[in-house]
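Have a look at the structure below, then the notes.
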Amino acid sequence: MPLGQRAGDKSDSRYCGVEVLDFPADEGLPAVLNHSLASSFDFILAPLVDPNYRPTPGAVLPVSASDLVLGPAQWSNHVVGKISEWIDLDAEDERVRVDSELTLKQEIAWASHLSLQACVLPAPRRSSCGNYARVVNQILQGLTNMHLWLRLPLEKCEPMDDDLDKVKNINKTSKMVDSWELWNSFRLLCDHSSQLCVALDISSTLPSINSLGRWFGEPVRAAILQTNAFLTNGKGYPCLSKRHQKLLTGFFNHSVQAILSGRSNHNVSPVSGGVLSGDENHIEGAPVRHALSPYLDYIAYLYQKMDPLPEQERFEINYRDFLQSPLQPLMDNLEAQTYETFEKDVVKYTQYQRAVAKALIDRVSDDAVSTTRTVVMVVGAGRGPLVRASLQAAEETGRKLKVYAVEKNPNAVITLHSLIKLEGWENLVTVISSDMRCWDAPEKADILVSELLGSFGDNELSPECLDGAQRFLKPDGISIPSSYTSFIQPITASKLHNDIKAHKDIAHFETAYVVKLHRIATLAPPQQVFTFTHPNFSPNASNQRYTKLQFEIRPDTGSCLVHGFAGYFDSVLYKDVHLGIEPNTATPNMFSWFPIFFPLRKPIYVPDGSPIEVHFWRCCAPTKVWYEWAVTTPTLSPIHNSNGRSYWVGL
Ligand SMILES: C[S@@+](CC[C@H](N)C(=O)[O-])C[C@H]1O[C@@H](n2cnc3c(N)ncnc32)[C@H](O)[C@@H]1O
């Protein structure tokens, strides 16, 4: 039974599982499952094979239940397989390695036969796990639907087994192994397989906030909460520390599901005959509460206490981490549906109205109101929302206007004509069906209003269009926007990387995407890339740009992997009126733009303490504009999108 109702949340985080600690001997698995489901857990994480089994020629695999005892839907919806924990593929002892490989393959084959959705692989037993990764990689090649979740402790762990000898002379803290490093080695060896995910064991201590943040960009599927992670509240019930609560709600927000594990340390559930507490496999004398039910109640309480998803977020939920090609409003003609989406963004037009109102007041003093008519040219007028915003600003400030609405999309021009009739604006607005770069204006404008901005500011070619349009702006005229700046920040985004990789070509790795970023980790604060200011009457003005940036990864993060750069913009419309999506200054409740993502062909490993140096170029040719980008520290990437061979914006 899901943890509860959270408006709009249809993700896996609604489900909570429980780990079966002891092997359910004598085909006891169905009873354990029924007991867990009856206690409101949604699934069990259960051993599939007797842990005492070692491969013997001709032996029948001692499984925890025949495939006949559960229906196919029960197997796939309610059981996650737990691969035997004794398996040690990097053991010194060859016999152990060989037995481990055989058993792992047998157990996975059995789990595939049962159509399980996932199996949890035991944590690597040592920091060098090349052979383990090799065998898992072989298995991944043959899997169709099933996912493998590599189990890892969230907190740094002591090195295991043989590793201890090698490091015994080093102090304790430096001995600790960062489990993210283990994960990173494993997934690199498995070539970023999209079927290889993570299950994190959470115990009482947690690493630093910044190092935890890295996991939000990784394919974490489950947070395995150990009962020893829980504290006891005043009434004797289990509860979590504030930091654990925050971490868990972070995971819920990233579609990670919880699994409870361990023996009960809180004897608060009504237990019949005293047999249940500490015995998660108890099956007799039903109905009896599961020993971990009080922990489940608490997890459900935390889930239900989360704020409902805001309406806009619910609307956009299907766009999360979905890669879209940026619009090309100059080269292509936008469709009615696209204009309709723009026009719903009230906040954007309110900001424009505020900017135009301020510009009108500055332009026309109160004494001159009755004698002065301001010429406003809305360039790229679409279906007219900025014409409306300008007229409302005039009404609000008592200024008189003459408006030219310039639009190159002939379909939008049809709408503009009917809008003018409908609104009775015939004496106020003139529609011009033309590209602003070649229109021969009959008079000069006081104010040029435009919205040609992409997620990265200049990526829809606002600079080139406004350079063409400023010919008909008076020398002291105002451009709204008066400037815009792009920003980037390095991110971990394994899902986006895998989605791009699925295309199996370089071109998709050299393309920028518009994407509602969700399962990502931001590694350093955003920095400015390119700024454009309008009007720009300088004779040497150029729209080519080059910027080199150095990012310092947030302290305490540890090492990390950069899959690419998230991009944003901020625009000064007029004086203090701005509009943008740069996370630190983003205009609240505005939804016209998702961020942009510039991927890297090969993700870059950034060792703890190293900066990232990245270069961005904006290149211009007579028919197109494009970006090139490259990383030079800590390692060199190729220069992406050379000559705009994979991605460009048409002029
Ligand atoms: C991002 S849309 C904005 C439309 C409208 N202002 C709004 O806010 O809904 C940009 C508009 O500018 C138009 N446009 C782009 N480049 C243009 C150009 N060079 N000349 C005229 N119109 C242009 C496009 O056809 C499109 O309608």
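Even glycines carry a Cβ here, placed using N, Cα and C.
Remember, predicted model here, so these are calculated numbers, not experimental data.
Record features, source TrEMBL:
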- 41-305: domain 'PRMT5 TIM barrel' (DOMAIN)
- 311-480: domain 'PRMT5 arginine-N-methyltransferase' (DOMAIN)
- TYR339, LYS348, TYR349, GLU407, ASP435, MET436: S-adenosyl-L-methionine binding site (BINDING)
- PHE342: site 'Critical for specifying symmetric addition of methyl groups' (SITE)
- GLU451: active site, proton donor/acceptor (ACT_SITE)
- GLU460: active site, proton donor/acceptor (ACT_SITE)
- 483-649: domain 'PRMT5 oligomerisation' (DOMAIN)
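Where TrEMBL records a feature, it is marked here on the structure.
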| residue | record | contacts (Cβ under 8 Å, 6+ apart) |
| --- | --- | --- |
| TYR339 | S-adenosyl-L-methionine binding site | GLY382, ARG383, ALA412, THR415 |
| PHE342 | site 'Critical for specifying symmetric addition of methyl groups' | LYS348, GLY382, PRO385, SER592 |
| TYR349 | S-adenosyl-L-methionine binding site | PRO385, LEU386, ARG388, ALA389 |
| GLU407 | S-adenosyl-L-methionine binding site | GLY380, ALA381, GLY382, VAL413, LEU416, VAL431, ILE432, SER433, SER434 |
| ASP435 | S-adenosyl-L-methionine binding site | LYS408, GLY468 |
| MET436 | S-adenosyl-L-methionine binding site | VAL379, GLY380, VAL406, LYS408, CYS465, GLY468, ALA469 |
| GLU451 | active site, proton donor/acceptor | LYS348, TYR352, GLY380, LEU386, PRO481 |
| GLU460 | active site, proton donor/acceptor | PRO326, LEU327, GLN328, PRO329, LEU330, LEU452, LEU453, GLY454, VAL649 |
Three-state secondary structure, which DSSP defines for LYS348 (S-adenosyl-L-methionine binding site): helix
Number of Cβ atoms other than its own within 10 Å, given for LYS348 (S-adenosyl-L-methionine binding site): 23
Maximum Cα-Cα separation (Å), residues TYR339, LYS348, TYR349, GLU407, ASP435, MET436 listed as binding S-adenosyl-L-methionine: 24
